[in-house]
Amino acid sequence: MYTLLHPTNKGMNTFTTKSTPLLGRSNSSDNLHDLADSSSKSTLSSTGLENKVAVKKELTQLENFAVSALAPSMAVLFTNPFDTVKVRLQLQGEFVKTREPGRNGKEVVRVSEKVYKSSLDCLQKTFRHEGIRGLQKGLFPAILKESSKNIFRLGLYDPILNAMHPLNYPGEASTAPAWKRMIAGATCGAMGAISANPFELIKTRLQSHSTGGLAVGNQYAYTGTFSALRTIIVNDGAMTLYRGSVISIARSMLGSAANLTTYSLLKDHARNNWGAEDGIMLDMVSSLVSAFVSVVVMNPMDVVRIRLYNRSSQSSSQTTMQSVRHILTTEGPMAFYKGFSTHFMRIGPHFTLTFVFLGMLKRQLIEGSAPVEASKPSSHILHPKDESTSSSSSSSSSSTSSITTGVIARREEQI
């Protein structure tokens, strides 16, 4: 009889004894090596690395659509008051043609009265006279607009970009050049603008409505989203819901190209070159910078679009280019940047919250799900974090095998 020391699976420094009949030197050596092999296999089996390895889970396209619609819908709950202020600022001061009595019906140009001095003044006056409900006017169509728009704008951006520039493994920071990102962003933006235009028009008309001296632009007596939808279709026709869609598509294409390209480039550059981790702070910084770039690009088209949305059916014959020329000749080029600060006050927090919520939802779905298993370890399909886990487990098994071999050698010398 002899006693063999070998490590257990519970710890490297814990040993147990086992009695085995001595059948001769060669046989005992073979038995000892067999025991070492079984110990090594047991260690591999306990760590799950014998035949399988965990790989990073990818979101299904349905999950991607869901979080892409949900994240901006959550964000708009906080940013809609700034959107109401932006709409009213961009509508006030508009030069309009009117027929004045006593002049044989001659059309004269007059400027609508400016009732708001600044973004803060509009915010205060709206809250003072209309309360929080006044600031949150158009909230329901705003939620419908954000979800219907971003299910395409955000939900299809990564699939289109990955089709143009494939990733080496799931979760990798993309190395796609800026021009590919701009094409993907513009494509998604165009689809989003088409789907969201009816809700955008209704939202604008509801937000512009006020009473007394605070009213700016044309006023519509809608009682809600469905009332507006029914009234527009019955009185003006269904195609009125797509008024301003040309400028809206152009705005969304340029805005999405600027926003998504800037956001993804900053985030991927930080991960690839600065070793930044994918998290809330990186989402916040990247989205805030991309928001400023987007506002610079979108604000001129936003002013034109708001004017077209607010125009009554009697003046609907004015085209997008005629509206641009009218603003330029009567109000000057700086009119295209009306409400810029309020636009950023709305877009900055909105994009930040959208991408923070989007990142949180995606990470929760990925990390909260059961790991996917592959038949063999393959480094190109592993997320970096999974590789480190695999390496540490492999090192642990190697150490166990080395200790066992050392014990065997010492025992043989004693024999």
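Going from the start of the chain as shown, residues are counted 1 onward.
For all residues, glycine too, the Cβ spot is worked out from N, Cα and C.
The compositional bias 'Polar residues' annotation in TrEMBL covers 10-30. Here TrEMBL flags 38-47, 389-405 as compositional bias 'Low complexity'. The region 'Disordered' annotation in TrEMBL covers 1-47, 373-415. Annotated repeat 'Solcar' per TrEMBL: 59-163, 176-269, 278-364, in sequence order.
Across all of the repeat 'Solcar' (278-364), the predicted model scores a mean pLDDT of 88. Broken down with DSSP, the repeat 'Solcar' (278-364) shows 76 helix, 0 strand, 11 coil. Counting residue by residue with DSSP, the repeat 'Solcar' (176-269) contains 76 helix, 0 strand, 18 coil.
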